[in-house]
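Note sheet for the following structure.
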Amino acid sequence: MDLIICVWGLLTLVAEGVRCQGVYAPPTVRIIHSGHACNVEEERYTERVYTIREGETLELTCLVTGHPRPQIRWTKTAGSMSDRFQDSSVFNETLHIAKILRTQGGRYYCKAENGLGSPAIKSIRVDVYYLDEPVVTVHQSIGEAKEQFYYERTVFLRCVANSNPPVRYSWHRGREVLTQGSDKGVEIYEPFFTQQGETKILKLKNLRPQDYANYSCIASVRNVCGIPDRSVIFTLTNRTASPSIKLLVEDPIVVNPSQTVSLVCITTGGEPPPVLTWGSSNDSLPQRSVVNGGTLTLPAITSEEAGAYSCVASNNVGNPAKKSTTIVVRALKKGRFWITPDPYHNDDNIQIGREVKISCQVEATPPEELTFSWLKNGRALRSSERMVITQTDPDISPGTTNLDIIDLKFTDFGTYTCVAALKGGGIPEISIDVNISSTTVPPLFFSFLVPPNLTVPRGKSPLVAREGDTVELECLVSGKPKPIILWSRADKEAPMPDGSMQMESYDGVLRIVNVSREMTGSYRCQTSQYNGFNVKPREAVVELIVQYPPTVEPVFMEMRQGLGRPVVMTCRVLRAHPSRVLRFEWLLSNRLLHAGAFDAQRDETEYTVRNLNRDGLGEYTCNVINEAGAGKCTFLVTGKAYPPEFYYDTYNPVWQNKPRTYSFKLQWTQMNPNAVDRIVAYRLGFRQMGLERWWVQEIPVDGPINKGELMSHNLTDLIKPESYEVRLTPITRFGEGNSTIRIVRYSAPINPHLREFHCSFEDEPICMFTQDKNDDFDWTRHSAATRDTKYTPNTGPSVDRTGSKQGFYMYIETSRPRKEGDQARLVSPFFNVAPKNPYSISNPPAYCFGFFYHMYGKHIGTLNAFLKQKGQTSSEGPVWSLNGNQGDHWKQAKVSIHPTSSFQVVLEGIRGPGIEGDIAIDDVTLEEGECRDPPTNLSSKVLFRSSHIWLLCVTLVMTLLEGQR
């Protein structure tokens, strides 16, 4: 029978090998979770919903298939209706967010693409659950007097808590639970929603003596995600009152820079005692500020720290009390001046005998403390009939003073100084000098101002330059005094070369270093509007033309070709200035091959190697040349084979019946195998990580390789749990091609795709099984070779499930101090369930859970198997159970399970009445589909013999596959 099964398996593998000749496949995606999920459920017509508690670790893994290995990208959108991808993304299979915040909930997308077909996209919505501490606020109202004896006093207690999911409230007075109708003096309103969250109101009508008590509000989300209830207590007395405060400072407070400012706030009423906090109009208090109770100290204050500061008192009774004051930091900022020509004439000349106005403007804080004074040649100047000083003028800007000189004379030449100061001192004065002298005023024309004039020198527009040159745009400027020139773009809204919208020039020249093609265009030169004289600006325009070499494609291209085949290289011109291309030249390693004039009717040039030989391999260059320079296309012609592509979707490592070594099945496809000469072999090198020595061998290839053909090679006798670097290089008659490197890591076969979970407990991590923390004792990992059975003879296994004394298994040790009924539970890792119907889980998938057990001894207790699903607080009854002595044999148990969400399997051993009650388990498996009929009473010897037959089958399969290659 075993031989028939072996032959059937061989035929199946051969047929599978035929189907695997083209393994290039577009990507598929599946999202699984780990970390601390509270629940994972399906939403109709949408994606899965993953629930997690705030502060826990979010870990989502994107499982992909497809070849070549798809590239994975995680993205997130904030809203549930948007499917667009945002810029922020994570290129990794696993998305890990430690201590997740409520704001990080939303829809997460995993996108996988490998260039074949459309990208595969799956999404999962993350719902972050939280419950904040509730807050109780009290509001009181007093009605009209009744019979002149008392006032009707009504109190409202409001309880609010931010939460997800919605919160449920309950009120207590002392130990009494308050409900609607339980007390005529109490009304409980239905919750309503505010910006702070859902609010619950308790109304106490016409306060009675028993109403003065401790009130507690309990907020609950019904233990969702294990979030406990939260509560707050408020004590209501006949002295309960809203807060009142007093600010012991002036408003505003005017200070000098570097002065220390202290603000004092005191409470004048309120029960319970209010809590004082400070705030600022600048969103936050300065870093150097010190808060001590009701005192806020600002040491060495600066102008940036000026603004409004508020003291807020709150005791959750009524509205918070708030008092504010403004701190003004005195300051003078540098001013400016300008000269206005005679307002009664239209020309820009100011002549002797006419009026001149000198204006001086300064910014001051506070503006009402600003004072001005004028000096002439250092001596105080007072207002007179010919020298009129105006401090404030409703027609001019604030903080401005004017000096009007009526009937200008030569004796008025000199230095005029405007001095600005703040009352009270403490701030340095600001002075601005204006010179009116005979050296700048030609006496012949009886004027001291020559209006500016702008011209562009002949031959300077249009200005032609080459890309990369340094150019100078020039505008000739005349006038007295000589104005500053402002340069800007005239043809479009674009920044200047330094990134600003305007550039200043004192000599009328704009210098541009390393000019680029984007700088082509019109540039405007303009006299500054505030050059000291209030005259109309002049402007001119300069045209700049930047020539640049041809832009070509491809800039670089690798071309792989087999020897004896033709190679065609094409260099295409995209743009150039001047657009008339002069000539082209083709070179091989700086050796000229072909040159000529560029065809004006075409935008490309072509070179062909008709019969590629070894002398024709190398780097080809095509230079396309115009007046500004050359554009270069580069072609690397090689006979190297493309690198192979490792096939990652292989279940590894391969099982090997050795305790300290493992095997790894390398699988790969060849990228574009027909692009070059036929691949005759692969050179395989591998080394242990951290070591320098490489082991090298050649893998021969028989016959041509088809595109997408899957090839494989077994690496054997790798040392557990070491990792290895593997390098695979194709070889043709040209020589070695490009190599591919990957890292081979040992890992226990844990939940690869939930199709083939198998754990034999051979390794210390025990396949991520964990011991239940709430049981009485733990399972023990042992092998028969190391376990001492003298203490408890006549119980437990003498070999593992395969018949090996060196093999490991798990068992419960029932010796003292264990007592009858003690429980030991072993819990598997989480398994993720993907429903076959994407819109419903009404027909959950089936899995076959299997394990081998050994229950030998006269005191054997009970072995139970449970299914524990995500979100369940406790397991239901066992899905499989057995008790009592079953003989000195390993037997197999199988049971079909139908989980509807992520799940774990739990194996529970219960100690019997005595010490001869050791229970052992081994070879735990989980497979998709319903269980077939399990074998009955399989002994370890039979299984051991069967394993040899299957090893023979595997050997025959590998031999056949090697023969096919």
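Yeah, the Cβs are placed from backbone N, Cα and C, and that goes for glycine too.
TrEMBL does not curate its annotations; it predicts them automatically.
Computed from a predicted structure; not experimentally measured.
Annotation comment: TrEMBL describes 27-127 (among others) as domain 'Ig-like'. Taken as a whole, the domain 'Ig-like' (27-127) shows an average pLDDT of 77 in this prediction.
Look at TrEMBL and you will find 134-220 (among others) tagged as domain 'Ig-like'.
Summarising the annotation, TrEMBL assigns domain 'Ig-like' to 243-328 (among others).
According to TrEMBL, the feature domain 'Ig-like' maps to 341-437 (among others). Note on the domain 'Ig-like' (341-437): DSSP counts are 6 helix, 47 strand, 44 coil.
Here TrEMBL flags 452-543 (among others) as domain 'Ig-like'.
Annotation comment: TrEMBL describes 550-638 (among others) as domain 'Ig-like'.
For 649-750, the entry in TrEMBL reads domain 'Fibronectin type-III'.
If you look up TrEMBL, you'll see 757-933 marked as domain 'MAM'.
The annotation signal peptide is assigned in TrEMBL to 1-20.
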## Note on the structure
the domain 'Ig-like' (134-220) resolves under DSSP into 3 helix, 56 strand, 28 coil
### Task
Check the domain 'Fibronectin type-III' (649-750) against each of 134-220, 243-328, 452-543, 550-638, 757-933 and return whichever range has the most CB pairs under 8 Å.
757-933
